[in-house]
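Presented below is the structure to which this report refers.
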Amino acid sequence: GGSGGTMASDSEAQRALQYEQTLMYGRYTQDLGTFAKDEAARIRLQEGDTPRPRRPSELLEYTQGRCAPCRVCALQCQRFLISKVGEDWVFLILLGLVMALVSWAMDFAIATCLQAQKWMYGGLDTNVLLQYMAWVTYPTVLITFSAGFTQILAPQAVGSGIPEMKTILRGVVLKEYLTLKTFVAKVIGLTCALGSGMPLGKEGPFVHIASMCAALLSRFLSLFGGFYENEARNIEMLAAACAVGVGCCFAAPIGGVLFSIEVTSTFFAVRNYWRGFFAATFSAFIFRVLAVWNKDEETITALFKTRFRLDFPFDLQELPAFAVIGIASGFGGALFVYLNRKIVQFMRRQKTINRFLMKKRLLFPALVTLIISTLTFPPGFGQFMAGQLTQKDTLVTLFDNQTWAKQGLNDEFEYLGILEAWRHPRSNVFVTLVVFIVMKFWMSALATTIPVPCGAFMPVFVIGAAFGRLVGESMAAWFPDGIHTDSNTYRIVPGGYAVVGAAALSGAVTHTVSTAVIVFELTGQISHILPVMIAVILANAVAQSLQPSLYDSIIRIKKLPYLPELGWGHHEKYNVRVEDIMVRDIHYVTLNCKYRDLQQVLHSTKMKNLPLVESTESMILLGSIERAQVGALLSNQLSPHRRVLALRQKVLSEDGHRPSDAGISFQISTETSSGTPARPALRKPLKPALKRVPS
């Protein structure tokens with residue numbers, strides 16, 4: 001009967017267990033807030049009701065004297081301010097404000113530099129040789145200065161900055177990457193590099209600059225309160241800073257937030273979403289307000305305003321052409337990444353070139369600049385590729401909504417203002433565009449490898465726009481009266497194709513879809529939303545199957561730690577186990593190891609951390625201990641002072657004939673001279689090493 005009873009109770013227990021498992025993780029019997037309050041009250045009662053002083057002790061000294069209320073009030077205001085400064089939105093507003101000012105100041109400086117080059121080139125129009133000298137020397141000097149300055153001040157400022165940010169946001173600590181020195185080097189180096197008129201971008205470096213801004217701001221604000229020193233909080237602020245970087249660069253807050261998420265995060269905490277939006281919107285707003293204040297703009301508008309017709313932006317039968325742009329851009333983007341990587345690897349592999357360039361660091365940037373500026377010299381070869389236009393002017397002309405190609409004898413197109421650069425008396429627009437695309441493609445891939453702060457987004461964006469324009473002009477020449485068959489004719493708008501091409505190629509190179517949104521915010525028109533999305537998605541599909549994104553490619557070149565994406569056709573890699581890639585013969589410390597074992601481990605390995613196991617038989621991991629700590633403990637235990645103490649105790653114990661077990665927590669017993677076994681008390685003093693210290 002007894003056994004039957006136990007069986008019944010067993011089955012009941014099982015049933016109860018099953019019932020508990022069906023409840024989703026148990027239920028809350030009480031709201032967490034009320035529970036916390038009750039618990040606090042209970043603890044307070046336990047400790048005994050000691051009545052607390054009404055005013056904190058700091059206020060007591062202010063309460064005497066005539067002006068007491070004022071002083072107390074001032075102190076409370078100060079406290080209130082300090083508590084408010086700690087809130088996110090204050091930090092985000094400051095970050096947005098600083099970045100907008102930096103962005104605007106840099107744009108102003110860059111525009112001035114480019115204007116100076118134009119002025120020098122235009123002022124010497126009597127002599128072609130002098131013109132050429134001015135055209136080539138100016139960028140070469142600027143780029144060389146930029147390279148030299150960053151090399152001397154902070155070599156970490158070289159390159160884009162997005163690959164490094166990607167690595168930092170994944171939790172890897174990169175030394176010196178977010179310091180004031182790097183910030184100064186990056187800002188000045190980038191201003192000079194972009195002021196030279198080379199095909200370089202500013203979007204990647206801006207993400208890095210914004211991140212440095214956030215790091216420096218939180219360091220500054222940690223004077224007010226300690227919560228800015230929190231590691232997790234800093235990572236959240238850096239995630240917001242990446243969005244600000246893109247937002248204030250293009251005045252595109254929404255695209256900026258999405259782009260920063262796509263580019264920098266493997267996973268994204270949604271709680272950072274509003275932070276990024278808030279800071280990026282504020283930053284973009286201030287950036288455009290500054291332009292209005294400086295009388296550059298009449299009101300806040302998009303950076304590259306387009307004026308496509310809205311009633312009939314494109315015909316449905318044009319969609320295949322947009323799809324072709326997308327697929328071609330996918331191949332083009334993969335080729336760009338491949339070319340960029342190959343150039344770097346070629347420079348590294350050639351030992352003679354490498355040795356020569358390492359000695360004369362500034363020669364490579366100067367040579368590249370010389371070649372590129374020679375080829376873009378307007379009276380020379382530059383006349384076939386709109387050489388005199390800056391990147392901004394190029395984009396403005398490519399997004400122009402008139403058709404350039406001749407469509408009939410009667411409507412001869414008038415090239416006005418900066419559009420003049422695309423016209424060549426002996427060749428047509430198509431030749432100019434093709435030459436521009438081909439030349440700019442390898443020039444940009446080459447220019448982004450020189451050691452100055454520079455991004456690759458803008459040059460790729462411009463090449464994409466030119467490719468789109470080429471397809472658009474071809475379509476317009478093919479269907480001069482538009483495709484529409486009904487009575488009313490709608491001409492084809494090549495500017496729309498340029499917008500699609502720009503989004504598709506930049507999306508393919510960076511492996512992002514948010515370039516579509518950036519394009520809408522840059523042009524201020526959303527009329528081509530469908531073609532842009534189709535092209536960007538197709539471009540991404542093609543590029544992702546061929547090459548890693550440009551940023552991942554740079555991460556691999558720089559050998560930064562990263563987790564590779566398991567792409568298509570790598571299913572067998574999912575079956576790789578940890579034990580297949582782990583190191584087996586590893587040196588370790590056991591709980592009851594002797595001094596000799598410790599010395600042997602320290603001499604035989606260079607590892608910074610040593611694993612601590614229970615014993616050689618069980619091999620249960622208890623934790624790890626830093627090599628430096630082991631060294632410090634040893635030198636402490638074996639210091640001359642300790643030896644004298646030990647000897648004194650030995651003498652005392654021999655005098656008093658009583659064994660002493662005081663003080664020495666590490667017993668050294670290499671040879672037991674007297675034949676007595678080592679004391680079993682060895683394990684006791686080592687126990688505290690296992691207690692986890694709160695980090």
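Backbone N, Cα and C atoms are what each Cβ position is placed from, and that goes for glycine too.
What TrEMBL records for 89-112 (among others) is transmembrane segment.
Long-range neighbours of the transmembrane segment (132-154) within the same chain, counting only residues 6 or more positions beyond its ends whose Cβ lies under 8 Å from a Cβ of the stretch, are 113, 116-117, 120-121, 124, 176, 179, 181-182, 184-186, 188-190, 192-193, 195-198, 361-362, 365-366, 368-370, 372-374, 377-380, 450-453. Among the features that TrEMBL reports, transmembrane segment is placed at 132-154 (among others).
If you look up TrEMBL, you'll see 237-261 (among others) marked as transmembrane segment.
Under the heading transmembrane segment, TrEMBL lists 273-293 (among others).
For 319-341 (among others), the entry in TrEMBL reads transmembrane segment.
Per TrEMBL, the feature transmembrane segment maps to 362-381 (among others).
According to TrEMBL, the transmembrane segment annotation covers 457-479 (among others). Distant neighbours of the transmembrane segment (457-479): 199-204, 318, 321, 324-325, 328-329, 332-333, 336, 391, 394-395, 398-399, 403-405, 407, 429-430, 433-434, 436-437, 440-441, 444, 447-448, 491-506, 509-510; these residues of the same chain sit at least 6 beyond its ends, with a Cβ under 8 Å from one of its Cβ atoms.
Summarising the annotation, TrEMBL assigns transmembrane segment to 499-522 (among others).
Marked as transmembrane segment by TrEMBL: 529-546 (among others). Same-chain neighbours of the transmembrane segment (529-546): 314, 318-319, 322-323, 325-327, 329-331, 333-334, 337, 496, 499-501, 503-505, 507-509, 511-513, 515-516, 519-520, 567-568, counting only residues six or more beyond its ends whose CB sits under 8 Å from a CB of the stretch.
TrEMBL lists 655-695 with the feature region 'Disordered'.
The compositional bias 'Polar residues' feature in TrEMBL is assigned to 666-676.
According to TrEMBL, the compositional bias 'Basic residues' annotation covers 681-695.
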Ask   = Under a criterion of three or more Cβ pairs within a distance under 8 Å and sequence separation of at least 6, are the transmembrane segment (319-341) and the transmembrane segment (89-112) in contact?
value = no
Intrachain neighbours beyond the transmembrane segment (499-522), with Cβ under 8 angstroms and 6 or more residues off its ends = 246, 250-256, 258-259, 261-263, 302-304, 306, 322, 325-326, 329-330, 332-334, 336-337, 395, 398-399, 456-457, 460-469, 471, 528-529, 531-533, 535-540, 542-544, 548-552
Task = Find the member of 237-261, 273-293, 362-381 that has more C-beta pairs under 8 Å to the transmembrane segment (89-112) than any other listed stretch.
result = 273-293
